[in-house]
């Protein structure tokens, strides 16, 4: 009897230890819910949507810029708006890491404008986090570009720190193969299907010539997996002496529409980055590309699932975060 009791006690202690280890993550995930602000700022989603509609009307680049900003934020220290913080004093922030220097200013501007509009409502002032505003703005940018609409979970707190060093190794590189892509996504609890769906964020937005120039020039260039006419067009847009920061549309067919054209482009050898095209050239991911190229409904469902999972990454709760008064400045 004593032996059985000891086993039960050991099992109970192990369960308690595992529960304690995961409690912060579980607690944080549980605080996310739809209509989180219904009691304090009931019109917050309408306010943010209005700001995004005006911003996108002014410049379509805000669509891809906002989507990319959300992705870069969540993959580094979780979805906590730490990517928006500006460097100050002796601290070099996330946004000044080399991998984030290509983030377009229109994404930052959209969030800062939306935060100002929310805080202009007295009952909402300092009640809505920058992290949640970025999540809402991303959802709205996608819908405004013709992409799927979905209910966004809210309740994130803003992070308390932002450092350049925290970005190292956290973001996928434009030359990654399938295994490398899967590893960096799996580190955030995302599957291969989630990775392929989120990669379709490249159906909108711009990329700098420097991120794919290696596919156009060099010993084995142009990249044999790239359509010849597409390679020629890119060589004309990004000549050998061009500023590497010059930008081209990531989707050559429907550059400002959020759709499944991304997958059709991969089938045609028109993925801009090698990390895009590898999703078709690798036989392990090709069936998913083919399926979503054929069915926009299937892609939309998978994308909503992946975005919801992405939005839960590294959520800050309790003393782990706060609500910033200025999205670009830590309180």
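Including glycine, each Cβ sits where the backbone N, Cα and C put it.
Where the annotation comes from TrEMBL, it is an automatic prediction and has not been curated.
Around residue 72 (active site, proton acceptor), taking its Cβ as the centre, 22 other Cβ atoms fall within 10 Å, counting all chains. The active site, proton acceptor annotation in TrEMBL covers 72.
According to TrEMBL, the feature substrate binding site maps to 172.
Residues or ranges marked as heme b binding site by TrEMBL: 202. Other Cβ atoms within 10 Å of the Cβ of residue 202 (heme b binding site), summed over all protein chains shown, number 22.
TrEMBL lists 203, 251, 254, 259 with the feature Ca(2+) 2 binding site. Shown in sequence order, 146, 147, 203, 296 are the residues of the chain, 6+ apart in sequence, with a C-beta less than 8 angstroms from the C-beta of residue 259 (Ca(2+) 2 binding site).
Sequence annotations record features per position, and here TrEMBL assigns signal peptide to 1-24.
Annotated pair residue 251 (Ca(2+) 2 binding site) and residue 172 (substrate binding site), C-alpha to C-alpha distance, rounded: 19 Å. The binding-site residues examined here are 203, 254; by Cβ neighbour count within 10 Å, the least packed of them is 254. Within its own chain, residue 172 (substrate binding site) has 180, 181, 184, 185, 275 as residues 6 or more apart in sequence whose C-beta sits under 8 angstroms from its own.
Within 8 Å of the centroid of the Cβ atoms of 203, 251, 254, 259, where the record puts Ca(2+) 2, the same chain has further Cβ atoms from 204, 253, 255, 256, 257, 258, 260, 261, 262, 265. Rounded to a whole number, the distance between the Cα atoms of residue 72 (active site, proton acceptor) and residue 202 (heme b binding site) is 13 Å.
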